[in-house]
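Here is the structure we will look at, set down as structure tokens.
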Amino acid sequence: MNLVSVSNIQNFLSDKTFLLRYNRKNYSIFLNIENQTLAFLSEQECFFSSYLNNVSKNDDDHYMYDTQFSWNNNINSCIDSYLHSQICIDSFILGDSDKYNDSYFYSYIFGKGRNCSESENSSSSIITSTNDTNNKNSRIGESSNNLDESKQYKHLWIECENCYELNYKKNFKSKINICEHCGYHLKMSSSDRIELSIDPGTWNPMDEDMVSQDPIEFHSEEEPYKDRIDSYQRKTGLTEAVQTGTGQLNGIPVAIGIMDFQFMGGSMGSTVGEKITRLIEYATNQLLPLILVCASGGARMQEGSLSLMQMAKICSALYDYQTNKKLFYVSILTSPTTGGVTASFGMLGDIIIAEPNAYIAFAGKRVIEQTLNKAVPEDLQAAEYLFHKGLFDSIVPRYLLKGVLSELFQFHNFFSLTEK
């Protein structure tokens, strides 16, 4: 980014309009500065003020900024934090409110990070403080909401984990939790996945009354294990980190288990293992095709070796299902699938399907780097990289999944009950 015709910061403040060149495009920037005594933290005589008003959004998602001047060390640190956080604040602050002080503004700007992303119709602004306590009516940037209003409407939007754009929450479910800006597949609840995969009115849950206890009386200095389970049950409306049951997929009877990452990170404890094992045994007895949708951080540490033994128990049930009964099991790996789930039933499917951009691993990137003392490439545990290494059979977008599963089942002689 190049600033044109601005020799120093004093001239910068005196000019109401200057030319900005960004990505080979020129922008005319207008600064509405009513008082030139604006300063950051009222500590230095240097000035910092920048605002890009009504700039057309281009393909680069990074926010506009200016760093062309020789600042002292303190201001350099502030700007560096700002640039790295790439913030935008969709609000304006009127300085005559006593409850907003300099430290509040500073912590808001440099502490928010990427928690706020601008939409196409919003404007970004930088809030500054003033040395003059008698003149607190300075305003930079124009926007329709103040800070309280931004927080009030925050629940209406969902931020994409990939591009940091905002998706309207009301329409997000109809878009099956796929970012409308970049196509990234965000996490889905187990209930939403049941709606996506199972025909309406055919879902029959199993073992809903099965709940976790505290088999090893796990000691925690923070929240007791039982209280944590209760908290997640209230938060998610689920009894455990997996939902199991039977239903029809395009008329084909199936047994399906769906893990829910929102419940303690989809961790696999004794109850999760028991519910999945019972589902597999039921599918074995009823000769049903089996689907397991994986989304887990691994074995649940609060249950110790009892959670680890679920890996062997589930694999044993799958051996009878696949080898002895010659039935068909499809494993679907969603983001994230890690730890004991990856090391057991997640990788045992007759057909293994992954969602696009899914994070699939046994150990995390940081653990591998600390163990091997080697840098791990960023995409090493991404679904696309692992697919090219032959780890699973296909990457299927979420909106195509039901049709793909239906074709797979028909190919393996499982047909719809409604077909004539």
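All positions are counted from 1 along the displayed chain.
Backbone N, Cα and C atoms are what each Cβ position is placed from, and that goes for glycine too.
Quick caveat, the model's predicted, so the values are computed rather than measured.
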Using TrEMBL as the reference, determine which range in 45-67, 160-182, 183-205, 321-343 is annotated zinc finger.
160-182
Within a 10 Å radius of its Cβ, which of these binding-site residues (Cys163, Cys179) has the fewest neighbouring Cβ atoms?
Cys163
Near Cys160 (Zn(2+) binding site), how many other Cβ atoms are within 10 Å of its Cβ?
18
Students should find that the Cβ of Cys182 (Zn(2+) binding site) has, within 10 Å, a number of other Cβ atoms equal to 14
Would you list, in sequence order, the residues of this chain other than Cys160, Cys163, Cys179, Cys182 that have their CB within 8 A of the centroid of the site's CB atoms, where the site is the one recorded for Zn(2+)?
Glu161, Asn162, Tyr164, Glu165, Asn167, Glu180, His181, Gly183, Tyr184
